[in-house]
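One structure is given here, and the rest of the page talks about it.
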């Protein structure tokens, strides 16, 4: 701070409190809604203070079988698996391809780099039908493979590892070679341990990415057994117009968004690192 | 492209290492994109038995279709509104946090977590708040004589998706603006203060110009976000309605192709969007090379 201006400090706090209120408001409303019984929400004015029905609503979400949706625990399980497979898969294939691109000189290396780069320019949203057709032809609809493998290629993760490998001193690898380490041993005993923080930061970002997927599961699953939470809560909310059970729907929404939100709050440093580094 | 000074002798190993990534890229990215380009020039008969080459027909039709042109305008409005609102709010908040010394981190945590709220959930949350029967905002708007109904009123629906999409993006922009602000040298600020410049003047003449790389980078990222990542927001709130009022380009590709099964037109729309992302990506990467100048 350059100079002390009390009114400006007051304004700063005022602005920030307003900002936090705006940011927290929708989730606060959802939390409040999830603590009330079904009648409190359908009688005109929504209550603004928590009620006592949270536990009942949670139990109802977890046990009740709704039409057209899989049981909540199964969707949560699917989301969890999808997020984990995507995270591990992306990191695994990106780190080895970055390793090949940085530590080897082979014909086709530049081509490989550009092919990976191109994936940045082709988000799922612009190739919905043909990608769906490929997955259908491979018989991967309604399977974990179909949910995850097409999303596993990652230019950003590859670039992140490439960037990081370029900062590792050349002497490290020369010394390892002098000591007789082959490429696989060097990768396992030196590069992997050095990449630990980068891997951890990527894990945080990619887990959130995997958990948030919506369009892709919507395309490739028709069997409720493979529905993910994001699809599930959307379907539950869509029927709410006819049969408003906002209290249980909001309880489900809050539970569905909780895991990634907790990750951001408790692993904030890794999260910030991951987000800033992958965008470089 | 750079590599290490010394490299491992390569036989088959590097190919094995890049193979998984390349196979997935080719099967699930490049091949489908090629198919989209191909079928945008073709017409398939209703039974899918034969296809014929029709040249630019689908593209020419698109640009004569009022629906499509309206969707282009709508998407531009949506993208601009979300970019300006979320970046504006994020910048104000980042500047405020940057002024504080101790309380800053606590505020940051409170402002960062919405990043982890998925677009669909953001849509549902705001839909609930704006819901005409139980929502809290329509209830309050009634006092101002405004009868909120996003299920019938296209403008209301557009405001709803703009609010939901901007809300979700504030955290991301906040994080990058804060990082940008923290890299502005404090000595410049101090020198200007000694010369008698007040806090607002310092911001506009020193800090804001120095932030321009971050601002530019965020503009590109936000355009990309509103064009492509807001599918969930729209699908969970208005589903393109009422009467197409929120049918953005990406949502239209989905409804025309996946639901309406109009392959040719949907592919042509995909290809146009692809060109758009390519332009954005090229701009972003050309610029990222020069980003580290301060």
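For all residues, glycine too, the Cβ spot is worked out from N, Cα and C.
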Range among B:132-156, B:157-181 that TrEMBL annotates as transmembrane segment: B:157-181
Among ranges B:182-201, B:202-221, B:222-241, whichever one TrEMBL labels transmembrane segment: B:202-221
Remote residues contacting the transmembrane segment (B:12-34) - C-beta distance under 8 A, at least 6 residues beyond either end: 274
Remote residues contacting the transmembrane segment (B:268-288) - C-beta distance under 8 A, at least 6 residues beyond either end: 33, 36-37, 40, 58-59, 62, 68, 213, 216-217, 220-221, 223-224, 227-228, 249-250, 252-253, 256-257
